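J.: Pasting a structure here, questions to come.
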Amino acid sequence: MEEIQSQSDNYRSSSSSASSPTSRVPSSNFFYLRKPGSLRQPISFEDSPEWEDTDIDVRVEEGGDCINVAATPVSPSLSKLNSGSLPSPPLPENAVVARKIAGASVVWKDLTVTIKNKRKYSDKVVKSSSGYVLPGTMTVIMGPAKSGKSTLLRAIAGRLHHSAKMYGEVFVNGTKSHLPYGSYGFVERETTLIGSLTVREYLYYSALLQLPGFFCQKKGVVEDAIHAMSLSDYANKLIGGPCYTKGLPNGERRRVRIARELVMRPHILFIDEPLYHLDSVSALLMMVTLKKLASTGCTLIFTIYQSSTEVFGLFDQICLLSNGNTLFFGETLACLQHFSNAGFPCPIMQSPSDHFLRAINTDFDRIIAMCKNWQDDHGDFSSVNMDTAVAIHTLEATYKSSADVVAVETMILKLTEKEGPYLKSKGKASSATRIAVLTWRSLLIISREWKYYWLRLILCMLLTLCIGTVFSGLGHSLSSVVTRVAAIFTFISFTSLLGIAGVPSLRREIKIYASEESNKHSGALVFLLGQLLSSIPFLFLISISSSLVFYFLIGLRDEFSLLMYFVLNFFICLLVNEGLMLLVTALWQHVFSSVLTLVLMHVVMMLSAGYFRIRNALPGPVWTYPISYIAFHTYSIQGLLENEYLGTSFAVGEVRTISGIQALRSAYDISSDSNSKWENLLVLFLMAIAYRILVLIVLYFHVGKNESTPKFFQCNQDTSNPR
């Protein structure tokens with residue numbers, strides 16, 4: 001501790017001398033790697049623009065729906081952005097003026113989040129954080145990687161992972177309560193978009209899933225969201241995806257994700273990394289758009305890793321984290337003053353966010369170790385004398401003893417001493433409406449995405465044509481029975497195996513479901529029924545086209561009823577296979593692992609289907625029970641052979657005949673019961689239902705479990721020692 005204090009005093013002494021306008025000398029203890037010849041002088045706050053501390057008068061009106069802020073503190077900007085000199089993106093002609101939104105105040109007090117580790121809640125990701133957000137302002141949670149930014153954001157929004165536990169209190173408009181449906185929006189860092197839809201279509205279907213009422217009433221909400229996120233020029237363009245060579249740029253895709261949450265007109269908007277994978281121009285446009293959104297009254301809270309000087313000037317408040325510790329909370333430029341007071345003044349011509357992260361990011365210690373002995377012609381490239389651990393400790397200690405903490409506590413007390421208006425839950429679309437919307441949307445996707453659907457149909461037709469031509473011209477003699485069995489086995493097995501090509505599309509549908517379910521836009525049963533109803537026309541098209549080609553090339557019995565049974569049997573077989581693929585994809589959640597698992601399962605089912613060895617002759621413990629009974633190939637092939645050979649006979653010599661069942665005994669085991677083919681069809685139908693039920697369970701407990709659920713915790717115990 002004495003060493004830390006002595007090094008901190010050295011920093012403060014160098015800072016005080018550097019901040020004097022008559023003695024602007026570089027700080028000898030805090031160097032930055034810069035280009036040769038560049039200045040390494042700290043900012044003198046005497047040259048910074050002056051600002052006045054504005055007292056905030058918060059009034060809660062009885063019967064109102066928002067907290068009125070009489071005077072919102074406007075942080076002085078390092079650029080001209082905050083002063084309004086930077087023009088906002090122009091609205092198109094006849095644009096609708098953005099509606100005013102009744103924001104809400106959010107307060108978190110002594111918030112501690114721990115992650116479950118080996119049966120004990122031991123790892124504190126966020127440690128005793130406190131802060132507040134006012135309506136119409138933008139508050140950013142900033143810090144290096146793994147500093148607890150996203151965890152704190154999720155804790156405030158009530159969307160922590162099931163393995164996390166929260167201690168402390170969260171107030172919304174002065175009330176301890178969870179955020180009801182529709183009162184807030186949460187934008188994930190990565191949200192799966194539907195590339196085959198235009199921006200307007202995507203937002204329209206999202207509105208249909210979220211909002212109650214008639215379809216025509218949703219158009220105005222969608223247009224408001226498009227204008228709010230400055231997406232008018234892209235409204236009729238495809239979002240783009242794997243099936244398309246071109247799509248929206250990353251910046252516009254991020255704004256589409258935010259617009260999806262705006263259709264509910266939320267009071268509070270949480271955004272995780274809005275500048276993720278954006279260049280400097282897209283990042284600036286994104287923040288200017290969000291600034292305009294905040295000016296309508298919406299409360300904005302988001303996380304950010306790093307920003308440019310222009311973007312930094314747009315923030316109203318900043319919460320700086322490092323290793324779960326709150327190093328500062330307050331106005332953005334007051335954070336610069338805080339760093340200067342702690343002995344870390346920001347050098348000239350350096351971005352404030354770069355300066356903050358340079359001081360508190362422990363990853364720089366590795367660079368220090370590599371560069372400590374490096375020299376060049378332009379100066380010493382050794383790092384600072386104080387490592388980041390000491391810097392973090394100094395900044396934290398300075399913040400806890402500063403007037404900024406007192407100001408935060410005073411504001412928290414003012415915002416929580418009287419309960420404000422309770423945020424009401426907004427109505428949801430009915431389950432029937434959501435099923436219809438998901439079905440229609442999936443049908444539209446199928447009609448547009450040739451790579452996942454129509455190419456699969458073409459490949460299935462080509463495979464059927466190959467099998468049919470190889471086994472064509474068999475005739476109806478006794479010698480053709482074994483070959484026809486091989487043809488039917490090959491057709492069922494290979495077409496089912498080819499269906500694995502649909503795994504990427506199923507994986508994408510599950511990702512879309514997970515994204516929509518996390519915000520309560522959908523549900524497991526709703527998604528499952530919508531996916532089933534939309535897949536039926538496509539699978540039926542595959543079944544009837546392939547069946548007709550195979551049936552007549554092979555030369556099966558020319559009866560309409562037998563042909564219809566063949567089509568129905570193959571269609572239900574495809575339904576079972578689709579359910580199996582959906583189940584495996586939902587379990588693994590990785591395309592490669594799902595494909596490998598499905599290929600292995602299909603090969604095992606093909607081996608036990610009774611073609612390579614008659615079912616009764618298979619080894620009992622594993623291959624007969626249970627594999628041959630859970631292989632859908634067995635029931636499909638058996639039903640098709642019974643459909644073809646029941647009631648038939650073959651001449652053996654000139655006087656003796658044998659039945660079709662007897663002719664098949666050496667090639668395949670089927671029943672002589674006339675109703676057995678319908679029993680096999682019933683088994684296939686029950687298997688299709690069983691797989692869907694298993695998928696429903698997996699979606700509810702496995703996929704949904706990986707997504708956070710709204711949950712708030714209150715704890716009266718000491719948050720410094722959670723148990």
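Cβ coordinates are placed from backbone N, Cα and C, and glycine is handled just like the others.
Where the annotation comes from TrEMBL, it is an automatic prediction and has not been curated.
Predicted, not measured: the structure shown is a model, and the values here were computed from it.
Copied straight from TrEMBL:
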type     : residues : note
COMPBIAS : 1-28     : compositional bias 'Low complexity'
DOMAIN   : 106-348  : domain 'ABC transporter'
REGION   : 1-29     : region 'Disordered'
TRANSMEM : 453-475  : transmembrane segment
TRANSMEM : 481-503  : transmembrane segment
TRANSMEM : 524-554  : transmembrane segment
TRANSMEM : 566-588  : transmembrane segment
TRANSMEM : 595-614  : transmembrane segment
TRANSMEM : 681-703  : transmembrane segment
J.: Would you call the transmembrane segment (453-475) and the transmembrane segment (524-554) in contact, using three or more Cβ pairs under 8 Å, pairs 6 or more apart in sequence?
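T.: Since 3 or more Cβ pairs under 8 Å link them, the transmembrane segment (453-475) and the transmembrane segment (524-554) do come into contact.
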J.: The domain 'ABC transporter' (106-348): mean pLDDT?
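T.: Across the domain 'ABC transporter' (106-348), the average pLDDT comes out at 88.
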J.: Mind pulling out the one from 481-503, 524-554, 566-588, 595-614 with the most Cβ pairs under 8 angstroms to the transmembrane segment (681-703)?
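T.: Comparing 481-503, 524-554, 566-588, 595-614 against the transmembrane segment (681-703), the winner is 566-588.
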J.: Counting only residues 6 or more past its boundaries, what in the same chain has a CB within less than 8 Å of a CB in the transmembrane segment (566-588)?
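T.: Same-chain contacts beyond the flanks: 492, 495-496, 499-500, 502-503, 506-507, 510, 531, 535-536, 539-540, 542-544, 546-548, 551, 556, 594, 597-598, 601, 632, 636, 639-640, 643, 680-681, 684-685, 687-688, 690-692, 694-695, 698-699, 702-703.
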